[in-house]
Amino acid sequence: MHDAVTRPTPPADATAWPRRITQAVKIGGVTVGGGHPVVVQSMTNTDTADIAGSVKQVADLWRAGSEMVRLTVNNAESAAAIPRIVDKLRMMGIDVPLIGDFHYNGHQLLAAEPACAEALAKYRINPGNVGFGKKKDLQFGQLIECAIKYDKPVRIGANWGSLDQSLAAQLMDENAQRETPWDAGRVLREALIRSALDSAERAVELGLPRERIILSAKVSGVQELIAVYRDMASRCDFALHLGLTEAGIGSKGIVASAAALSVLLQEGIGDTIRISLTPEPGQSRTHEVIVAQELLQTTGQRAFTPMVTACPGCGRTTSEFFQELAGVVQNHVRAKMPEWKITNPGAENMTLAVMGCVVNGPGESRHANIGISLPGTGEAPSAPVFIDGEKSVILRGENIAQEFIGLIDQYVERTYARRAG
């Protein structure tokens, strides 16, 4: 059992809790926290020194919707590659903020490669491995001094798997002196939070403004993550980065991330997220970006692309056509969004329905901006289309998919077209 955490009373209506008030952190052209929309970020899995491969993957992630991209900076070659990666991306018209992920030797790499220090939009620092023993404070200070020199924000990110062992041991010793000792899990959660908070306050003492700091304290368990972030959010006003350390592969990773992050987001906690999925063989790295966007959209935080409601199918829907049409519609609107974002702003808020029989089909279709109710088993071979709650037309024949796509495009142009003046 986890210790009870005081939380606000849920709202009476179907909305989320108000967003937590935090510092606003400027990262390149993106602002995190301060009431701004929750930001989607991702991380490459290329060798950063492979400039061509890294540029391609960053570009792919950006096109998929990642608003910040983190890259490993673990040696001199990767540090030297960063400014070249930034230059090549800008030549492609891509100005996405790049975050340098540092462990163990970040203080050395940034000092040796000032062009890297300048090119990065943010530094990620792990207080659990920034230095050990007497070197810890010195090396942490060198990283913060670099951030101050180049006016860069930092994320101080504590991780369950690389926790500051000296701090953990100290808290274990203190716990042993309690009249009623905490369980080991609570002590470790406190160590994780303290590692992040104490490091942040030390950075402020060294001269880094509070509005240049983001915090994270990641674990891999859903309930542990929720408990850690609720506690940390109640103890500071820093912007928070949400994510499981390792969510896992396939549906497990998606479900775990959604289970943890949706609870926190609905409570107003979290200013930027990453879904740390393990890609399945042959799967694009961009999948984690799509999942992050869908999580934010389904929880009502942001809108990225029109949402398609589709029934799961049952014995009344022996035809697979409605399933195929739902996929075609989803792919069409996702492919059109980069264009619509410019020419038809607001189209991302559109709702669509592709239903498979008369039971819920007409009702769900009326709730959507545009919906189609396809015939189920034994029903007449016709498909009524509803637009803004009213029956508009009945589609029949072999070209239902093309005609329905055409109606969607017409609706977008009619409803969301950017008007001159």
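Using the three backbone atoms N, Cα and C, a Cβ is placed for every residue, glycine included.
According to Swiss-Prot, C311, C314, C357 bind [4Fe-4S] cluster; the candidate from E348, E364 that the record adds to this site is E364. Note on the binding-site residues C311, C314, C357: the fewest other CB atoms within 10 A surround the CB of C314.
Taken residue by residue with DSSP, C357 ([4Fe-4S] cluster binding site) is part of neither helix nor strand, so it is coil. Taking the mean position of the Cβ atoms of C311, C314, C357, E364 as the [4Fe-4S] cluster site, the remaining same-chain residues with a Cβ inside 8 Å of that point are P312, G313, R316, T317, F322, M355, G356, V359, N360, G361, G376. Counting Cβ atoms from all protein chains shown, E364 ([4Fe-4S] cluster binding site) has 20 others lying within 10 Å of its own Cβ.
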